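Asks: According to Swiss-Prot, the protein carries these features:
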- 1-19: signal peptide (SIGNAL)
- 20-85: domain 'LCN-type CS-alpha/beta' (DOMAIN)
- C31-C84: disulfide bond (DISULFID)
- C35-C60: disulfide bond (DISULFID)
- C44-C65: disulfide bond (DISULFID)
- C48-C67: disulfide bond (DISULFID)
- N85: asparagine amide (MOD_RES)
Amino acid sequence: MNSLLMITACLALVGTVWAKEGYLVNSYTGCKYECFKLGDNDYCLRECKQQYGKGAGGYCYAFGCWCTHLYEQAVVWPLKNKTCNGK
């Protein structure tokens, strides 16, 4: 019983440590969501949570919204076959 509990705890920890991160992307244009206030940013946090769920976090990194704590299948920038108007 203790072994099963330890295995379950380890699997939960691995899922937390290896959570996906990436730039928030507009699926129609392929462009990143831009931001100008670097670091903690209410806009990025709100947009990341809206697109990826309440567990997601977000902040402004290199003038783009960077989302954290995403599920593994989350779609992030860059998108295949989407060039963001050549940018």
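Positions of Cβ are set from backbone N, Cα and C atoms, glycine also.
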Asks: Taking DSSP as the reference, which of helix, strand or coil describes C31 (disulfide bond)?
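Replies: In the DSSP reduction, C31 (disulfide bond) maps to coil.
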Asks: Listing them in sequence order, which of the recorded positions C44, C48, C65, C67, C84, N85 have their Cα within 10 Å of that of C35 (disulfide bond)?
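Replies: Correct set: C44, C65.
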Asks: Just to be sure I understand: of C31, C44, N85, which recorded positions have a C-alpha no more than 10 angstroms from the C-alpha of C67 (disulfide bond)?
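Replies: Those close enough are C44.
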Asks: Using C-alpha atoms only, work out the spacing between C65 (disulfide bond) and C84 (disulfide bond) and round it to an integer in Å.
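Replies: Their Cα atoms are separated by 15 Å.
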Asks: What does DSSP call N85 (asparagine amide) in the simple three-state scheme?
Replies: coil
Asks: These are the disulfide-bonded residues: C31, C44, C84. Which one scores highest on other Cβ atoms within 10 Å?
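Replies: The residue with the most neighbouring Cβ atoms within 10 Å is C44.
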Asks: Validating a neighbour-count step here. Other CB atoms within 10 A of the CB of C67 (disulfide bond): how many?
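Replies: Result for C67 (disulfide bond): 28 other Cβ atoms within 10 Å.
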Asks: So what's the average pLDDT for the domain 'LCN-type CS-alpha/beta' (20-85)?
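Replies: Looking only at the domain 'LCN-type CS-alpha/beta' (20-85), pLDDT averages out to 94.
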Asks: I need the most crowded of these disulfide-bonded residues: C48, C60. Count other C-beta atoms within 10 angstroms of each C-beta and give me the top one.
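Replies: Sorting the candidates by Cβ neighbours within 10 Å, the top entry is C48.
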Asks: I'd like the Cβ neighbour count for C35 (disulfide bond), meaning other Cβ atoms within 10 Å of its Cβ, all protein chains included.
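Replies: Around the Cβ of C35 (disulfide bond), 22 other Cβ atoms lie within 10 Å.
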Asks: Based on Cα coordinates, which of the following disulfide-bonded residues are within 10 Å of the residue listed as 'asparagine amide': C31, C44, C48, C60?
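Replies: Matched disulfide-bonded residues: C31, sequence order.
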